[in-house]
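The structure under discussion appears below in the form of structure tokens.
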Amino acid sequence: MPRSCIIALVILVLTCAGSAAGFIIHRHTFIYSAEDLISNQSYTTKMSNQSYTTDMSNQSYSPKMSEDENNYNGSDNLDYDGFCLFHNNQSVVDVIGPYVHSIICILGLVGNSLVIVTYAFYKRTKSMTDIYLFNVAIADLLFVLALPFIVYNELWSWPMGQVACKLLRGSYSVNLYSGLLLLACISTDRYIAIVQARRSFRLRSLSYSRIICAIIWIFAILVSVPTFYFYDWYEPSHTNSIMMNDDNQSEILSSEYVCEFKFKDRDTAMAVKVAVPSTQISVGFFLPLFIMIFCYSAIIDTLLKAKNLQRHRAVRVVLVVVAVFIICHLPYNIVLLYDTVTMFQQRSCEEADMLEMAKTVLQTIAYMHCCLNPVLYAFVGVNFRNHFRRIFRDLWCLGKKYMSPRRFSRVTSDFYMSSTRRSMDGSSNSGASFTM
Amino acid sequence: MLPIKAVVVIALTVCLTASTFAAYPHCCRRYMIGRLQDSIIKGYSVQTDTEMCRINAIIFHTKKGKACADPALKWVMDAVDRIRNKAQKIHQRSSQGRKKKTI
């Protein structure tokens, strides 16, 4: 299949071009920061040499220092000497935090619960993709349910305590991994159904898909174990300050709790702080991306060969699915990769602020993917839309009959009968899982 | 449709109370250039890389704001020691005073 290879290559090249563009954007700031650091180091060594060789008296360095101090204050009066306040990021967080996230939350909740309700009550005969889609909807729903709590706690110095901290951070991680890996499973199932059609009867059984779903959920939980274990609810040590006020010593204890990493020793800290985002980038993004690119390029190739009137629509849907995945997740993962690679390097406040702001915005775009999944995967399908219409019709009828309470018991049994009959009817034409 | 209602309520309350957020405890991302004069240091706090922050640092509190210093440098630890010693003296003085009062 040479043509599928070409398509795969094109998509890969596009992906690489996107990431290269991302790196070029960052290279400028990186070079700046590297030069900056070198000059800083030489300056500090010079300064320390000076001060240590000429005794430790104040007079030896005070004239030079006062001059330097003035320069420093003139150039950077907001973030004083390396303690960054992240003004830009903070203003973005103040908007995105409550407003954009609540929109994502509401849309995701409506879309995914409709998918779950439709699958739970209406679509009786399920294909492998249906089971995967049901699980994706559950993962996205749990993710969207945890989101407002995480946002609320981060805005209010984490008032919900230790258990909520571990649970929310952990479930965030589990749902992220399971959701994205299940999307890769859907692409594999469609690949088997369309490209490997001869083998599909043997490979596409429902018990297989249930086992695969279970494996993916267990895998997602296992990958999230470090998150469960190392996230902690505590007051960071640097929020407690020892102050001297005119010969009066006082310790200012603030109650600014955070839910962040906390470690017993330095080596684990270094390892886990790099390992957790690296796993997220590789397993949570590049693995599903490569599986999807391989499967969908083979599918497009097969569809283009086939003589079918619906093929153009199918190709379009596949392209949109892949494009949306890349648009939502690639920018965030590039920034995350850059941030992870340069994790322990010193940064100027402007660069750190810009990077945090980029992460905040791009992460929100990545979150949007879980609102788009119901539309991209479920509502695109004709069968699913038919089932979905039935729900509304039945709900409408139920609502009308509900007004007269005398007939309630008969109505419910009627409703149940009709729904089961309809789903039986629907089963006849739901042979293909790749419904469009 | 109960969950949707609940989320709308949560979202609305979050939106309405969004104006007064707690300040997020930020970290030092780089060390300051040069050194501070003793007279302007009002206090300090310790940032460790085993917590949320990425680098170890001593945060000096001054009138103008907070400055991040490298704990590997001698002047930084000297300044910290000086504040600590001062605190120790005050502690001893106040505890002696208390003893006298109790006697």
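Each residue, glycine too, has its Cβ placed from N, Cα and C.
Pulled from TrEMBL:
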DOMAIN    A:111-377  domain 'G-protein coupled receptors family 1 profile'
SIGNAL    A:1-20  signal peptide
TRANSMEM  A:99-122  transmembrane segment
TRANSMEM  A:131-152  transmembrane segment
TRANSMEM  A:172-192  transmembrane segment
TRANSMEM  A:212-231  transmembrane segment
TRANSMEM  A:285-304  transmembrane segment
TRANSMEM  A:316-338  transmembrane segment
TRANSMEM  A:364-384  transmembrane segment
Establish whether the number of Cβ pairs under 8 Å between the transmembrane segment (A:99-122) and the transmembrane segment (A:316-338) reaches at least three, counting only pairs separated by 6 or more residues.
no
Long-range neighbours of the transmembrane segment (A:364-384), counting only residues six or more past its ends (CB under 8 A):
96, 100-101, 104, 107-108, 111-112, 114-115, 118, 123, 133, 136-137, 139-140, 143-144, 147, 179, 183, 186, 317, 320-321, 324-325, 327-329, 331-332, 426, 429-430, 435-436
Criterion met for the transmembrane segment (A:131-152) and the transmembrane segment (A:285-304) (at least three Cβ pairs under 8 Å):
no
